[in-house]
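Asks: Questions regarding the structure given below will be posed in turn.
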Amino acid sequence: MKGAVAMEATRRRTQHSANGKASEESQQPQWGRAWEVDWFSLTAVVGLLCFAPFIVFYFVMACDQYQCSVSQPLFDLYRGDTTLLSIWARSPSFTWSAAKIYAIWVAFQVFLYMCIPDITHKFLPGYVGGVQDGARTPAGLINKYEVNGLQCWLITHALWVANAHYFHWFSPTIIFDNWIPLMWCANILGYAVSTFAFIKAYLFPTNSEDCKFTGNVFYNYMMGIEFNPRIGKWFDFKLFFNGRPGIIAWTLINLSYMAKQQELYGHVTNSMILVNVLQALYVLDFFWNEAWYLKTIDICHDHFGWYLGWGDCVWLPYLYTLQGLYLVYHPVELANAHALAVLLLGLVGYYIFRSTNHQKDLFRRTEASCSIWGRKPTYIECSYRSADGGAHRSKLLTSGFWGVARHFNYTGDLMGSLAYCAACGFGHILPYFYIVYMTILLVHRCVRDEHRCSSKYGKDWKRYTDTVPYRLIPGVF
């Protein structure tokens with residue numbers, strides 16, 4: 001759970017009926033992904049399956065053919081100056097050279113993930129890596145993970161820098177130069193892994209007790225059936241695709257954009273530097289805290305389906321990097337005051353995001369035996385049951401930033417997202433898609449998380465929301 005703070009107690013009680021079997025699951029509050037699908041959810045799922053790939057193509061195409069204008073393609077279509085077929089014909093198609101690049105990229109990340117155990121935690125003070133426990137699943141299981149994302153990121157970027165300055169195996173602009181052909185390759189992988197996970201859940205699930213079948217094929221395909229699909233002991237689909245091909249690529253993509261800007265204009269703008277620095281800070285924070293990430297909503301509650309499989313392969317690397325792509329076509333040089341304001345907004349947002357999450361992590365690790373803002377933390381004691389009938393206890397933090405709003409970490413995240421967009425100036429709307437998307441995503445996640453927590457904690461959740469009444473912005477929402 002990423003919004004409310006749940007500190008899992010180690011003790012566990014399993015109630016048994018007279019015949020020795022665990023009490024009926026139907027009597028226990030359900031938590032995790034939905035078991036049943038209403039018409040609104042089904043409509044949203046089918047809409048996303050149909051239109052999300054089109055949205056990615058539209059934004060990338062707008063930059064490639066219309067200098068990042070979002071409206072011009074629509075006006076041209078309306079006036080009859082172009083057709084959908086002509087737009088499609090002008091778009092670069094799949095190439096085997098791009099397929100080779102992408103295959104090498106994914107294979108290299110699989111190799112780093114599976115074959116290079118983490119050693120960075122042995123010499124980086126404060127970093128938690130190596131084999132770590134995840135959160136308890138709805139079925140009551142605790143999976144182990146090889147946390148080596150920071151090491152993978154460091155090795156990958158060290159090789160990128162070494163190539164750019166010494167080896168010259170490929171041009172630093174290779175990603176930008178093959179951007180649309182690589183998009184087709186990413187789509188192939190995204191659909192392939194999503195379909196494989198869907199079939200695997202029926203034929204050979206990793207843990208059948210953590211599978212959820214709604215009876216609706218579209219919802220099952222998009223939101224996933226298996227909770228933690230794995231191949232072998234260590235290849236975890238959710239952790240790998242959440243953290244490897246997309247997020248490690250994020251900073252490489254930005255570096256490729258920077259190299260292209262240098263190639264085209266002979267210099268790199270301060271806006272491009274800001275985007276690279278602020279987004280690299282977010283990416284490095286993700287990998288530095290990858291062990292903490294195992295306790296967030298993506299790992300703790302989301303099942304693995306198209307939403308994560310395709311989203312991590314395509315949506316994340318192509319739409320989260322729109323600011324850098326825009327700056328290749330529009331090399332904005334910000335006034336010093338504007339640049340400083342963007343930097344401060346991004347850093348303050350990051351401080352709120354990181355401090356809020358740190359308070360939660362500290363509270364959980366010390367079992368409330370800590371100080372937050374100079375005081376002993378306050379919390380709501382609550383209880384819940386997992387699907388196996390096991391009884392557990394949790395504490396919901398109401399001190400520090402968690403007493404300001406129930407999801408104040410999201411508030412900091414949104415401030416950082418706005419900073420990325422503001423670095424591009426105000427000439428086009430395209431760079432601002434990210435803040436619009438993140439606002440929708442995080443507000444929806446607030447509602448989804450709280451519905452889950454209400455089902456999980458019952459009346460204890462009501463006590464919590466009475467104590468901390470606002471979700472994101474105190475006094476507003």
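Start at 1 and count along the chain as shown; that gives each residue its number.
For all residues, glycine too, the Cβ spot is worked out from N, Cα and C.
Take a look at what TrEMBL says about it:
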REGION    1-27  region 'Disordered'
COMPBIAS  16-27  compositional bias 'Polar residues'
TRANSMEM  39-60  transmembrane segment
TRANSMEM  94-114  transmembrane segment
TRANSMEM  179-199  transmembrane segment
TRANSMEM  264-284  transmembrane segment
TRANSMEM  304-322  transmembrane segment
TRANSMEM  334-353  transmembrane segment
TRANSMEM  417-443  transmembrane segment
Asks: At a C-beta cut-off of under 8 Å, are there same-chain residues at least 6 beyond the transmembrane segment (417-443) that contact it? List them, or none.
Replies: 59, 62-63, 68-71, 271, 274-275, 278-279, 319-320, 322-323, 326-327, 330, 332, 334, 338-339, 341-343, 345-346, 349, 407, 410, 472
Asks: Between the stretches 39-60, 94-114, 179-199, 264-284, which wins on the count of C-beta pairs under 8 angstroms to the transmembrane segment (304-322)?
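Replies: When the Cβ pairs under 8 Å are tallied, 179-199 comes out ahead.
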Asks: Cβ pairs under 8 Å with the transmembrane segment (179-199): which stretch of 39-60, 94-114, 264-284 has the most?
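Replies: Top-ranked stretch among 39-60, 94-114, 264-284: 94-114.
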Asks: With Cβ-Cβ distances below 8 Å as the criterion, list the same-chain residues six or more beyond the ends of the transmembrane segment (39-60) that contact it, or say none.
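Replies: Answer is 70, 73, 91, 179-180, 183, 187, 216, 218-219, 221-223, 306-307, 310-311, 314-315, 318-319, 322, 325, 430, 433.
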Asks: Which bits of the chain, at least 6 residues beyond where the transmembrane segment (94-114) starts or stops, bring a Cβ under 8 A of a Cβ in it?
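Replies: For the transmembrane segment (94-114), the nonlocal Cβ contacts are 146, 148, 151-152, 155-156, 174, 178, 181-182, 184-186, 189, 234-235, 240, 244-245, 248-249.
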